[in-house]
Amino acid sequence: EEVEQGQEEGFINKISIFCALIMNVLCIMGIVANSLSFYIYTRPSFNKRSINVFLAALSASDFVVSVLAVPVFSISQLQNLMPGTPMITATVMLYFYPVTIMAQTMSVWLLVAITIDRYLAVCHPFIVASYCTRKRAIITIAVILVFSIAYNFIRFWEFTLNKDTADQVQDNEVVEDMLQPLLRADKMYMLLYQNLLTLATQFILPVAVLCLFNFEVIMTIRKATEQRRELVSSEKREHNTAKMMIYVVLVFIFCYVFSFTLNVLEIMFESLFRSSFGYLLNDINNILICLNCTTSIFFYCKYSTRYRAQLMRTCSLGFVLKRFLVSPGRGDKGTVILSECSALMNTTTAPSPNKPRTKSREQSPRTSSCQGSSARCSTELTLPLPTMKKEPERL
């Protein structure tokens, strides 16, 4: 039996390492995707609408989760890759874990705020100009930020460094030996705060609000589709944005329902999560959380033509060259081309001093007017600049 149990634990540990690898890949993708989204939604042409302000804040919070998930959620595997550093890994776990949960809470409630914003824009378009403003969005983000920090601030005291092992650190020490449960050793704290209150604030209440308002949005869009009425460009834009956020919400519910299930199981079977199988379930849950922080960019690209165009422009080589290599004092590209071509025409049309000036057999009025002065000819020369395409609909 001991041999079989050891084989099972070894198999579970291998799966856990594989899960950590997948999670780290998702974290890297999330860092890149949310960095691009935050850059795009903070551009002056984007940040004038409330929805884009919310999406910029959501990208920032998901970015923090993706960055901190690597050391926090992969701590068991990192200590195997970096032996002899238990104090560092334990300190990272002690202080980064609460910040990660704060960013995760902020992402959840920002999604709720975005859903309410889309509900007002689609179902009550006549009051959207009064309520869905940039100023209100910034105030809402500030309130969510304060709430996320205040609610999770107590998590800094869930663990403490074991003073007995901290003074005499050995190479074979692991994080579990360095960290000692403090508040987590209190059963009432685990039941009331960690399980019941977290279930209510992190899943039940947000999901209820998301389902209610998104149902109203879906019904409004279906009615508009069934009536086959012509929508103005602003209504089409709001409907596309609402569809985009509906898919983001569906991914959120899919990823967080597993966390909800684990919290319920932890109340009923507390000893389950002290075994290797319980650690494996936590690894799967962490993968789903990182997946939720990574996939939003795909829906942004699908339903927002303006976001897609800005993303292609940002990732293009020409944008990078223009951004970092062209000096700011040279002016725009069209002006540079005009000045260079005008100077070139002046040098080619000027007569040579050694050769007599000959008169052409057929001379157009424009050519004859240019012979008197090369400066006048250069000013009359115009080059066709690239025509600007019609700006796509704003998100």
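Every residue gets a Cβ built from N, Cα and C, even glycine.
Since we're looking at a predicted model, the values are computed, not measured.
What TrEMBL says about this protein:
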- 15-41: transmembrane segment (TRANSMEM)
- 33-300: domain 'G-protein coupled receptors family 1 profile' (DOMAIN)
- 53-75: transmembrane segment (TRANSMEM)
- 95-116: transmembrane segment (TRANSMEM)
- 137-154: transmembrane segment (TRANSMEM)
- 196-219: transmembrane segment (TRANSMEM)
- 244-264: transmembrane segment (TRANSMEM)
- 284-303: transmembrane segment (TRANSMEM)
- 347-395: region 'Disordered' (REGION)
- 365-381: compositional bias 'Polar residues' (COMPBIAS)
Inset, instruction - Establish whether the number of Cβ pairs under 8 Å between the transmembrane segment (284-303) and the transmembrane segment (137-154) reaches at least three, counting only pairs separated by 6 or more residues. - result: no
Other same-chain positions with a Cβ less than 8 Å from the transmembrane segment (53-75) and lying at least 6 residues past its termini are 20, 23-24, 26-28, 30-31, 34-35, 37-38, 41-42, 46-47, 89, 92-93, 96-97, 99-100, 103-104, 106-107, 110-111, 113-114, 117, 134, 137-138, 140-141, 175, 283, 286, 289-290, 292-294, 296, 300
If you count CB pairs under 8 A between the transmembrane segment (95-116) and each of 137-154, 196-219, 244-264, the winner is 137-154
